[in-house]
Amino acid sequence: MSSPNIWSTGSSVYSTPVFSQKMTVWILLLLSLYPGFTSQKSDDDYEDYASNKTWVLTPKVPEGDVTVILNNLLEGYDNKLRPDIGVKPTLIHTDMYVNSIGPVNAINMEYTIDIFFAQTWYDRRLKFNSTIKVLRLNSNMVGKIWIPDTFFRNSKKADAHWITTPNRMLRIWNDGRVLYTLRLTIDAECQLQLHNFPMDEHSCPLEFSSYGYPREEIVYQWKRSSVEVGDTRSWRLYQFSFVGLRNTTEVVKTTSGDYVVMSVYFDLSRRMGYFTIQTYIPCTLIVVLSWVSFWINKDAVPARTSLGITTVLTMTTLSTIARKSLPKVSYVTAMDLFVSVCFIFVFSALVEYGTLHYFVSNRKPSKDKDKKKKNPAPTIDIRPRSATIQMNNATHLQERDEEYGYECLDGKDCASFFCCFEDCRTGAWRHGRIHIRIAKMDSYARIFFPTAFCLFNLVYWVSYLYL
């Protein structure tokens, strides 16, 4: 009887555990040497950490509940019908935030405004029961519910902002209240009354109403008594300064019905600095320059003529430039009046010299001066030291500074613009007339022109600035 092989049995019994342990060691060693294993694990750990961090920073919102709420609200909802149709008018509370105004284009009579426009109304179809009080939604939801058909009545062009996404916001409360806001840039019409230009003030309106719903369907109301404005220092008004604003509500009657019209009036006052430098000061200096002609010798024909023509042409250029910043209105503005009067003064200075030169150049020597030397004739002294009447009825002026006369009134020698000796000075038909010496026209002009221009400026500025 052979004895049992204990070692072989023991070897078969213990060989399996030992082999398994060895294989486990080798597998762990190979896995530790594999480079992607640890990195994959670290990435997974990082993703878990980021995911946990997101959940920590963001409040837990039951997204499934919001989706269910929206689906329930939109189920059977008809966005073509206004709230409470056939029951009562829909009340729209409006509000506005003025981000900026400007520039104002006087030629096209329009201005640019950037606003945030808000509308609030109640829609009972959008009520929901949930612990969520308000649904904060983006612009994708706007087209799925009813929105008021508000339009700006005096807008020439309006642009909504789309960068980086449409600048529109929608809020729905659980009681059915809806808030809809958007940002707009509008080129609105403003009828400028330029009678007092450039000392004018304007109230530029921004009007809006419903496009298709009359007062029986939609009623607009201001949410607040006044409109809020941003920092006016960043506004591009340039020639204007912002004075204030006011908002009103009115009803406009049309053939299609009565519409509630909401208006905001922006009060603007023009700044005169630009036009003072560009127009008023140059025109005044040109007028003063034309007076230099009165101190130049009357025999200096080229100098005085060149000065007069130059000032007239300069005034013509200034008047043309001043009109470029204005629309082609048919009435006279304050600047037109000032430029026109300045042109009249400059042109009158040129005409004054033309008149003076004409009469001075047409002087003639006394015809009887040589005759008196050759054939002395007896005379009767009627006016000592002023005039003598000769037998041949020729009248002469004998003054210390005049040896010439002017032909006037039946061939008699004339020494003044309005008066001729002797019939002129002593005649009853000339009684009370002003006696003006043509030779002294420059002296008269030196006083008359500055005085008249100063009086005009006094009346002009007082009338337009204080009356």
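Any Cβ shown, glycine's included, is placed from N, Cα and C.
It should be emphasised that the depicted structure is a prediction, and the values quoted were computed from it without experimental measurement.
According to Swiss-Prot, the protein has these features:
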type     : residues      : note
DISULFID : CYS190-CYS204 : disulfide bond
CARBOHYD : ASN52         : N-linked glycosylation site
CARBOHYD : ASN129        : N-linked glycosylation site
CARBOHYD : ASN247        : N-linked glycosylation site
SIGNAL   : 1-39          : signal peptide
TOPO_DOM : 40-275        : topological domain 'Extracellular'
TOPO_DOM : 297-302       : topological domain 'Cytoplasmic'
TOPO_DOM : 323-334       : topological domain 'Extracellular'
TOPO_DOM : 360-443       : topological domain 'Cytoplasmic'
TRANSMEM : 276-296       : transmembrane segment
TRANSMEM : 303-322       : transmembrane segment
TRANSMEM : 335-359       : transmembrane segment
TRANSMEM : 444-464       : transmembrane segment
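Shown here: features listed in Swiss-Prot, placed on the structure.
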| residue | record | DSSP (3 states) |
| --- | --- | --- |
| ASN129 | N-linked glycosylation site | coil |
| CYS190 | disulfide bond | coil |
| CYS204 | disulfide bond | strand |
| ASN247 | N-linked glycosylation site | strand |
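Between the transmembrane segment (444-464) and the transmembrane segment (303-322) there are fewer than 3 Cβ pairs closer than 8 Å, counting only pairs 6 or more residues apart in sequence, which means the two stretches are not in contact. Its own atom aside, the Cβ of CYS190 (disulfide bond) has 20 Cβ atoms within 10 angstroms in the protein chains shown. Here the C-alpha separation of ASN129 (N-linked glycosylation site) and CYS190 (disulfide bond) works out to 48 Å. The glycosylation sites in question are ASN129, ASN247, and the one with the fewest Cβ neighbours inside 10 Å is ASN129. In the predicted model, the topological domain 'Extracellular' (40-275) has a mean pLDDT of 88.
Its Cβ taken as reference, CYS204 (disulfide bond) is surrounded by 23 other Cβ atoms within 10 Å in the chains shown. Residues of the same chain lying 6 or more positions beyond the ends of the transmembrane segment (335-359) and with a Cβ under 8 Å from any Cβ of it are 197-198, 275, 279-280, 283-284, 286-287, 290-291, 293-294, 298, 301, 304-305, 308-309, 311-312, 315-316, 318-319, 322-323, 326, 406, 417, 438, 441-442, 445, 449, 452-453, 456, 460. Distance between Cα atoms for CYS204 (disulfide bond) and ASN247 (N-linked glycosylation site): 12 Å, as a whole number.
Nonlocal intrachain contacts for the topological domain 'Extracellular' (323-334), taken as residues 6+ away from its ends with a CB within less than 8 angstroms of a stretch CB, comprise 106-109, 192, 194-200, 275, 340, 460, 464. Each residue of the topological domain 'Cytoplasmic' (297-302) gets a DSSP state, and the totals for helix, strand and coil are 2 helix, 0 strand, 4 coil.
The CA atom of ASN247 (N-linked glycosylation site) is located 16 Å away from the CA atom of CYS190 (disulfide bond).
DSSP states for the topological domain 'Extracellular' (323-334), grouped as helix (H, G, I), strand (E, B) and coil, give 2 helix, 0 strand, 10 coil.
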